[in-house]
């Protein structure tokens, strides 16, 4: 039977957990479970972040360098500073969410709903080139400002959305199940986003590669012919460039429309529920004090830094994949298809990792999944123009990617529960835990793409050039395999010291149940009075 909890501000909140009496006469709250429709609605709400993030991860670098034809130095500034700004906003937004009051539609949902229209607008403008030719400074500020605005609005969407996992109702198994649905839907979103973006813009990238091939042949055949004739061969490149720019805007419009629809589904299908030792109320703790408690929790530090380095490894390879296929592997016309194969494998692997998670435990399953990634990168970086081998390694990489999506995010609620058990008086800090988690992930991504693009700048990368010098090819090979492998190894070492195993996780749940008994007794006393 549902009961009503009165919050500190006087508002009433319906808790769907069932109030029962145990054999010893104590009252406890029996979780009512999470309905399937709520799990699906919650999972759909995570699609916009992954669709847009992976579109940026796979395509923004090549968009700025080869479509906008921005200098590699300016592009590296946009990629690094934009991600740094994105990372900084996460803990700030997390704290503002914890300080915000509860409304009729909840405490977290309003942030998601009201940030959505601004996020859609900023995302579309981020892929729009206002003029055929812009000065380097004008081009830099245009794309940098819109990139920062989009990241800020997406943070206002994603931080409360991530925290919502703790307020779906049910128990730890229900939340793990909801996380599984969420990760499955988010990996599907990366597949859908890459399919939409790749199929819309990939045609023009393939046409550009074909025009480059024809131009190289023409230049070799017409060295002794007048330059105006050679210039006629470059005119198709200009036409293709304009069509490619329009294609990127069209892809942004489509993804923006999906962003809107997913937010509507989340709003209609999810209602916030009280979690154990939480009140969904404003916190009274100062920002720095709250941050000190969060970052001082040892399991959280191990998990977040392990996730940081593992995510760095994946994002380093992801950010350079398009350029690697185009300039180092000779498969530029196929890279969008390889991306689709990789993400399809990731989507189909989610049920496998969810099954292993239940049988082997989260930590063991995480190790199995991440250890598959390094050999696949080494093989891809060691061969050239061998499409069947690339396809096989992309499937293995995609399966490992799905483990990175599912396992660390499934482990984070355990860390939050461990914190609440050890600090029962420090309530409602969940948004700060999730915001800092996203902060390190985004900061790592910013470092990976910024360092990669800066390395290409010093190697002599020429924007829009059909052929790059050997130093650029070497830099792409190093950035695609050796560097991510080292980062992944560091992440695995940090995960090794993560202290919450299956035994400790069960102990945490028992202690939370004891805390719920106390809450249930207080509710029963209130009902009697």
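Including glycine, each Cβ sits where the backbone N, Cα and C put it.
Taken from TrEMBL, the feature transmembrane segment applies to 58-81 (among others). Sequence-distant contacts of the transmembrane segment (58-81) (same chain, at least 6 residues past either end, Cβ-Cβ under 8 Å): 127, 129, 136, 139-140, 143-144, 147, 194, 197-198, 201, 205, 208, 241, 244-245, 248, 318-323, 326, 339, 446-447, 449-454, 456-457, 461, 463-464.
Sequence-distant contacts of the transmembrane segment (108-128) (same chain, at least 6 residues past either end, Cβ-Cβ under 8 Å): 45, 48, 52, 63, 93, 97, 100, 143, 146-147, 149-150, 153-154, 156-157, 159-161, 163-164, 167, 248-249, 251-253, 255-256, 259-260, 263, 266-267, 270, 272, 431. Residues or ranges marked as transmembrane segment in TrEMBL: 108-128 (among others).
Look at TrEMBL and you will find 140-159 (among others) tagged as transmembrane segment. Note on the transmembrane segment (140-159): residues 48-49, 52, 64, 68, 70, 74, 77-78, 81-83, 85-86, 89-90, 93-94, 97, 111-112, 115-116, 118-119, 122-123, 125-126, 130, 134, 263, 431, 434-435, 438, 442 of its chain, located 6 or more positions outside it, place their CB under 8 angstroms from a CB of the stretch.
Positions annotated as transmembrane segment by TrEMBL: 247-270 (among others).
Same-chain residues lying 6 or more positions outside the transmembrane segment (300-324) and placing a CB less than 8 Å from one of its CB atoms are 54, 57-59, 61-62, 65, 79, 294, 335, 338-339, 370, 373, 377, 381, 397, 401, 404, 408, 411-412, 415, 419, 433, 436-437, 440-441, 443-445, 447-449, 452, 456, 476-477, 479-481, 483-485, 487-488, 490-492, 494-495, 497-499. The annotation transmembrane segment is assigned in TrEMBL to 300-324 (among others).
Tertiary proximity for the transmembrane segment (331-353) is limited to same-chain residues at least six positions away from its ends with a CB under 8 Å from its CB atoms, namely 54, 58, 180, 183-184, 187-188, 190-191, 194-195, 198-199, 201-202, 205-206, 209-210, 321-322, 325, 365, 369, 385, 387, 390-391, 394-399, 401-403, 405-407. The transmembrane segment annotation in TrEMBL covers 331-353 (among others).
The annotation transmembrane segment is assigned in TrEMBL to 365-383 (among others).
Feature annotation from TrEMBL assigns transmembrane segment to 390-412 (among others). Sequence-distant contacts of the transmembrane segment (390-412) (same chain, at least 6 residues past either end, Cβ-Cβ under 8 Å): 176, 179-180, 182-183, 186-187, 303, 306-307, 310-311, 314, 317, 329, 331, 334, 338, 341-347, 349-350, 352-354, 357, 362-363, 365-366, 368-370, 372-373, 375-377, 379-380, 383, 433-434, 437, 498, 500.
For 432-459 (among others), the entry in TrEMBL reads transmembrane segment.
Below 8 angstroms of C-beta separation, residues 299, 302-303, 305-314, 316-317, 320-321, 323-324, 327-328, 363, 366-367, 370-371, 373-374, 377-378, 380-382, 411, 452, 455-456, 459-461 of the same chain, each at least six residues beyond the ends of the transmembrane segment (471-498), sit close to that stretch. Here TrEMBL flags 471-498 (among others) as transmembrane segment.
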